[in-house]
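Copied over from TrEMBL:
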type     : residues  : note
DOMAIN   : C:27-184  : domain 'Cytochrome c assembly protein'
TRANSMEM : C:21-43   : transmembrane segment
TRANSMEM : C:63-84   : transmembrane segment
TRANSMEM : C:96-115  : transmembrane segment
TRANSMEM : C:127-146 : transmembrane segment
TRANSMEM : C:158-181 : transmembrane segment
TRANSMEM : C:201-224 : transmembrane segment
Amino acid sequence: MSDIPTSADPSTAPITPRLLATELVCDRGGRRVLDGASFAVGGDTAADNVLFVTGPNGVGKSTLLRLVAGLGTLESGEIRLTAGGGAVTGAEVAEACHYLGHRDALKTALTVSENLAFWRDFLAPPPVGAGAGHPALELDEALAAVDLDALADLPAGLLSAGQRRRLAVARLLVVQRPLWLLDEPTSALDAASEARLVALMAAHAAAGGLIMAATHLPINLPGRSLVLRPAAVAREAFA
Amino acid sequence: MSDAPTERAAPLLAPLAALYRRELRLAVRIGGGGFMGVLFFLIVVTVFPFAVGPDMNLLARLGPAVLWIAALLATLLGLDRLFEADRDDGALDIIVGSGQPLELVVLVKCLAHWTATGLPLVLATPFFALFLAMEPLVIGATMLTLAVGTPALTFIGAIGAGLTVSLRRGGLLLAVLVLPFAVPVLIFGVSAAGAPALDPAPFATPFLLLCALTLATLVLAPIAAAAALRSGLD
Amino acid sequence: MFQRLTALANPTRFLGLVERLGPWLVGLTLALFAVGLYGSLVLAPPDYQQGETVRIMFIHVPAAWLAMFTYALMAVSALGTLVWRHPLADVSAKAAAPLGAAFTFLALVTGSLWGKPMWGTWWIWDARLTSVLVLFIMYLGLIALWRTIEDPTRAARLAAILILVGTVNLPIIKFSVDWWNTLHQPASVMRLDGPTIDPSMLWPLLVMALAFTSLLTTLHLYAMRNEILRRRIRSLGLAAAAGTAS
């Protein structure tokens, strides 16, 4: 992790991504889940680059992350990602994201390295913010970073839940993208793995990358928080 | 921003090739992909004479139709997992945000699915045709029409797979939604396949119409299926 | 013009419209049917070839016409769902589907009833009958899709996509079935469109067509109203659930 460029000196890291969401309104299944959520991620310090999304169950934490990842429809509002003079909105923001959801997006019939190699070859470089955040690692480096290098040729179906989670995390390391969206990233991880993940997150934020993490377990990382509250009413379209 | 599209358009084939390889690998490793399809194909062809009777003349006349119906069912029944597996394990979420056009992703998945399941059916056709006492020329015509026509069935089925991806056990609904659209493919396919047996019947007309259908579905189905996938995401 | 349309597209305003127009439309439909049925069943002469059987045509032809018209209506609604994302567009398409299926079914049944004396069999794989049968199956498939997907907004978009795919495909299916039919049954089928229709039979047919259109409009408006009310109940239920949860 020593070769990661730090963003402390602004002259070496001119690409400073910023995520700006304004007045997001989202309905799911006829129910208003988000009712005007606004937030910004990204600043001068690594702590400003990390946003923890918290709140009670069912309040829309996952929905919010999925919206940024392009997996949902906004009724109104805008999500905008700027970096190094470029800007994208809407679905294109998703292409600058690494989304780590509840499911690990692994094929049990493929080996650990085949799974990872596919995502490395398939994921396009980000439309903006190339160079910000955790740099892309080689396959074996990424597997080593999540302590799976010994299992590279094993079918992913044989891995435990925690190991699968780590393999999913390795996906974020083989393609560089400026924005990480992590939905309960520490679930299923033991203490050592969690410490490793937090170190990776810290490195990403220190390198100018942005992180949005939905969590209800405290994560040992400096960052800002966004507390979501339940949306006031069900949708009005037919009322 | 201005140079971004050209910069990103160039490496389009490598990711899609990676997807194609992954799909083929999965098809071979899980459930033997093509093997199940061919087995189903064999069973339908075997069951038919029990229903129709062992009259070889009648079977020879029905041959192309039997093979086509068997291929239609084998293709459609295998298609409900086309997107479902990726949805279940969350891979679809990542694919949508991958930066690759979803329409092309659908197209590549269809092509891979056809390579794994449709192509073995085509290759198995001559052997199963022997059960049905078909003429060599008719066997050749049937093989050719199946080779050209089964991709169209896969593409049409992909629309249904996209529509039913969010449903548990969407297989039956998929068949109901998609079978009407398969009617033209079946008509032209069977007509062309049976043409050599009936002297005056032309082969070229239905065969070219079948080719046109395949090309049209190749363009339209990925658009519709991708739209359906996007709608089913949240 | 567009503003007036969007104003109508407000569900509450739409319900008000249904309340005001509904009774008039019911009256108009009844009057048209009274005139049309009297004209077709009593006044119109029996056909010199088909005898009294021809009277089935006064039901069959308008039903078949509306079977296709309803699909066109759904296609426009589907565009409304996908392009303008208006909730009423989906209500319109969803309300129209069972009506379209019913008209198609009516066309099939009356065609079959007419076919028994004329062709000596209940069903014949005539190109038109076959096309209409495929259309019927497509209506049922759409209804099945709406019924299986719980989330109304998702169902709306998926159904709209399927409707549009069907719009592209229907002419192709029609063409292929025509082609298939001429291949297998060269000119053995008697067609209605031989001699021109006598005015004494034409005017009841046109009145019946108007009556059926009016019937469709009436039923569609009321079906849309019911669907809106159904969704309001769902909204109220969701609000109640949200109220107790928080």
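Every residue gets a Cβ built from N, Cα and C, even glycine.
These numbers come from a predicted model, not from an experiment.
Highlighted: of the candidate stretches C:21-43, C:63-84, C:127-146, C:158-181, C:21-43 has the greatest count of Cβ pairs under 8 Å to the transmembrane segment (C:201-224). Counting Cβ pairs under 8 Å that are 6 or more residues apart, the transmembrane segment (C:63-84) and the transmembrane segment (C:21-43) reach fewer than 3 and are not in contact. For the transmembrane segment (C:158-181), the residues of the chain that approach it from at least six positions outside its boundaries are 71, 74-75, 77-79, 81-82, 89-90, 93-94, 125-127, 130-131, 134-135, 138, 141-142, 145-146, 149, 189, judged by C-beta separation under 8 angstroms.
Across the residues of the domain 'Cytochrome c assembly protein' (C:27-184), the predicted structure has a mean pLDDT of 83.
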